[in-house]
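Here the structure is laid out as structure tokens; the discussion comes afterwards.
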Amino acid sequence: MSEENERTQKADDDDVSSSGTESDNTNPGQDSKNKTQKKSVLRALEATLHEIKVKKKLVEKLPLKDLQCLLQKTEDQGEPTALHMLAKMAKDDLPRESHLRPLVDYLVKGLGELLYEKDENAGLTALHYAISRKNRIIVRLICQASDDIDRMLEIPSRNMSKNCIHMAIDKADDKRSTTMARMLVGLASEETLSAKTDDGNTPLHLAIAYNRCTGNRLALVQDIVNRCDSYIISKTDGGDFNNAGQSPYRLLQEQKSKEEERQKNKGGREEDRKEEKEKTKLNKDKRKEGSGRDGYNESTKVFNDAKLLPQENTKPLRRSSTIVGTKIPPKAPAQPEKAIGSQISGVVLDNPAVAGHTPGVMGNDATSQATKTQSGVPVTEVEKILQFLKTHYLRTRDHDAAIEILYGSADMTKDAQKDIYLDLRDKSDLTLKGIKRITSSLKFEDTLQFVDFPQITKTEDFRTTEAPKANMKKRQTNSNYGGRTDMIEVFKLLTGVRRILEVIVDDLKEPAQSDSCIESTLRDKGVEIWNWQKIDMCSEVIRTAAPDVKTLHLYWSGKNAVLRGWSEKDGIPQLKHLRKLILHIQQEVESTLRIKENVNEFERRIKEHIIEARGKILAEEKAEEICSAIYPVIKKKLADKIPENQVDNYIKAVADGLKENLEAKIASAMADLATKTNILGSPEVTPDEEAKNLAKQIASEIAGDINEDTTASMAKFISGEKGSEGFKDISKEIAIKMMERLTKVDVEVVSPQKLAGRSSVVSNSTPVVDEPQKHEWIQIMTDFRACLYNIENSVKPSVSEKIRNESGPIVVALIDDGVDIDREELNLGNGRKIEGCSFCPRLSDIKRRVPYYESSGGHGTIMASQIHRICPWAELYVLKLHDQPDSEQRRITAKSAAQATVKKKVHIISMSWTIAVPSTSSASLTADFQELERAIKEAEKQGILMFCSASDKGAHQGDTYPSKPIKSIFTIGAATAAGRRDAIVGDMTKVDYILPGTLVEGEEIPDSVVKNVKYFTGSSVATALAVGLAALILYCAQIRMMRAKEEKGQYKLESGHFDQLKKHDKMKQAFDNIGTTNDNYLEVWKVFQKSTKDFESQTADAKFARIRDMVATLCTHF
């Protein structure tokens, strides 16, 4: 055995547990016997290898005694079998692969259960050791010889429970070891590829390790995802996350951020040291120029002047902004922010819309030129992997799962979270201005799951911009052309969005959007599901805008000429990635029988032309892949027939000829079969994965038909001559299999009665005919608000702007049915936004959420407007509950929403709803309420002010959530215009305060929000006003705190008041200091009306002083 082998065996492997050292043997006799047995097996193995390597003997010619000895267990803790010993040997100690193969075959098949034996030290199998030592020949031969390789691959080690896939990925730090890892991934089962180590990491977690993201790492990541992701989704709980709660995507993002921060800090330290060195050198040089006082002054002057000059290399080191693989138009703008694509970490990535590829992904040539960090990791490779994973998760996961994977379960509401869809489907009377109000509050991810736009009916505020082509400008601006261009402006509002996986646009009414508008809007957006609802849309438009579409919705007028145009060879069949086609019949202009005949003919033509169009494409794409799979099989058969130095060249010639014939004959066979074969019933599969499996299967079939003895038969096989081993039959077999599995397109027909209409907003309010008495309370507060507006805008920049920039706005969490943030009555603009998240599943698709910026019944919009009516400076964070108030879903989503507000760290929570405590409860029901209680108590612990409504069930009412768990929730009831408790409120012992809530006029809410309704009644309205009042008090305290800081006044006192007012007991004291009636009706005229009058004819400073005095009054007895 060579010295290198001995060193390899003695080396401490990273995956061998240091705690697994050989234990003391208390039986000297047994220990001696074990050593003798090991020596016997080792001696037999060395002798066998010598016979094979030196004497060129075949395994079957070796002494039977030695071979049988190799199948014995050694009883040695570190090397229990001969295969373990073989796996640890250096490459130089082994025979060449073709001669070693029979020995490995013999061991793998003869060891039986010992094949799966783990050593006692680290708990590793022979395959583990071969992978760990990067002994690729042994790994390959074991895999080829084993009849159940997955059983070996799945065995976990003692240290960290790593199976062979984990270990192979850990060791994949160069091209060859990565190729070996990919081979093993291709052989492993879904379960093995989804297995977790002790810290919960799957093979995918290990594959995306930042310091290993080089070379062809993306291919390895794609292999793992394609092989096992469906299993992770369906079979495992929390399979996407490790023990730290990190998904592979999140883990790589965090590693990338840490590396960038490290490089930034490192660069800064290096520049500091360089600058200090330059200063020292400068001083030294000046000291040499002269001596004495005059010399000192001169050198000091020069030194000081030097500091004033612009210094080179004084900024932290940055990666160069290398642009790789990006096509720049001739007149590309110079500004980086206007460049096409997304610039990340100094690298501009392009956006090719290719299915199965990631926008911004470049070829291997670009990888070698990619910008690198100092750790040697190409930035572009990391970005490619991140983009691939992001797109995959957005494509395959529902909204909640995707959000958790991309941003982490602990940060569901943090600022880094972005919006992954835009859903406006239930918006009526949509205008560009309204869409702008919505999108201005959203932070879009660069890839969206879907966008859904309704029919745009109001077009007066749309203005077209420069057309995508110069000759289309006139058409865009001239309505005589008929086609609209509204959607160009709409899609421009999707800031930062590079890819949209699904597009839904209601464009059924005339005039529809123009073809040029559709093309320019969606070109290069990588659309995979196309549902632009335009009647009789031209197939060329679809091919131009979304060439890689997989699911296509077509809206048909009923004219047969349109069907025939779609199904022509150069029409829909040219969409090579199309898997599903849904034909929506919009009107029946012919008899039912005639329509059925036309549709059937359309299906037949579509399938026939798709097969014909894809035949050559598939042949060209897959023939080389098939040949690659054939290569090792042919090599194995010819290894002993042809000199080794000629094998590779011979097989290359064979493969080249085979590839050429495969391309031609597969395409021909597909064309022949197109008119004879019905493939409607074939099962749906993933084309790329199926092609790989098919290639392996075909490889073995073809190899079995190759005559091993003569090159003449091989030549006949390649040329396809008569008398060959059935090449035509083989190519036909390949064609059938590829056609059936890879050209399948499902065609679904939706008749008019099946068409799903858009839902409309339903109001739970009723109109009031007679005009009721006005609430003076509301008038007093709106007058104060108007004065405060004038005061805060009397200085520049405005007070609200300063507060927002320095201490942050007052944030109110509104837990309700959503808010229509496109409504103008909500106080947005000047930097204010309404953000949020949704816990309401869409009934038509439970994987999606009804967006928070859509109020299901108008209630949340009313609450938001009433809060802003009193305090327009508050920013709202909307949490949308389930639509059905009495369902169990409200309990669950209320719990989730309450938890989310705690994570968001809001100032106030508004809950204008109640949940009755059930008389009986199941275990799951009890658990839900317990979770809700815990969330509310956690909000209390975090010092968040909470407001909820009285139940409005009159005198007969029991305990309700959310006020039941704790007393530190303000429970608000409705009051009449006279300041009396409304009869619906019931027991006043369960209510803290009453505020206007009976026939409250909604003059600030146009009739379009809630149809034909001007007045609103209920404790929920009173609750919203109370929340607005609390927010206003906090805002006034912020004003005083800011002014005290500017005037160098009592800042500590003022900031103390603000912090105290955020606590329940102190805000309650502030409310009490306002004054209350016997019914606990807040007497706002005593404080706020008085302040409004005091503001008259005063200077700005005096007005700010009056606000200070008012806040001091509210904080009395603190």
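Every residue gets a Cβ built from N, Cα and C, even glycine.
Taken verbatim from TrEMBL:
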REGION    1-39  region 'Disordered'
COMPBIAS  1-11  compositional bias 'Basic and acidic residues'
COMPBIAS  17-31  compositional bias 'Polar residues'
REGION    251-319  region 'Disordered'
COMPBIAS  253-296  compositional bias 'Basic and acidic residues'
DOMAIN    810-1035  domain 'Peptidase S8/S53'
ACT_SITE  ASP816  active site, charge relay system
ACT_SITE  HIS859  active site, charge relay system
TRANSMEM  1015-1037  transmembrane segment
ACT_SITE  SER1020  active site, charge relay system
Neighbour tally for ASP816 (active site, charge relay system), based on other Cβ positions within 10 Å of its Cβ: 28
Within the predicted model, mean pLDDT of the domain 'Peptidase S8/S53' (810-1035): 80
Three-state secondary structure, HIS859 (active site, charge relay system) (per DSSP): helix
Local Cβ density at SER1020 (active site, charge relay system) - other Cβ atoms counted within 10 Å: 26
Length of the line joining the Cα atoms of ASP816 (active site, charge relay system) and HIS859 (active site, charge relay system), in Å: 7
HIS859 (active site, charge relay system) CB neighbourhood, other CB atoms within 10 A: 25
Mapped DSSP class for SER1020 (active site, charge relay system), helix or strand or coil: helix
Cα distance (Å, whole number) from SER1020 (active site, charge relay system) to HIS859 (active site, charge relay system): 9
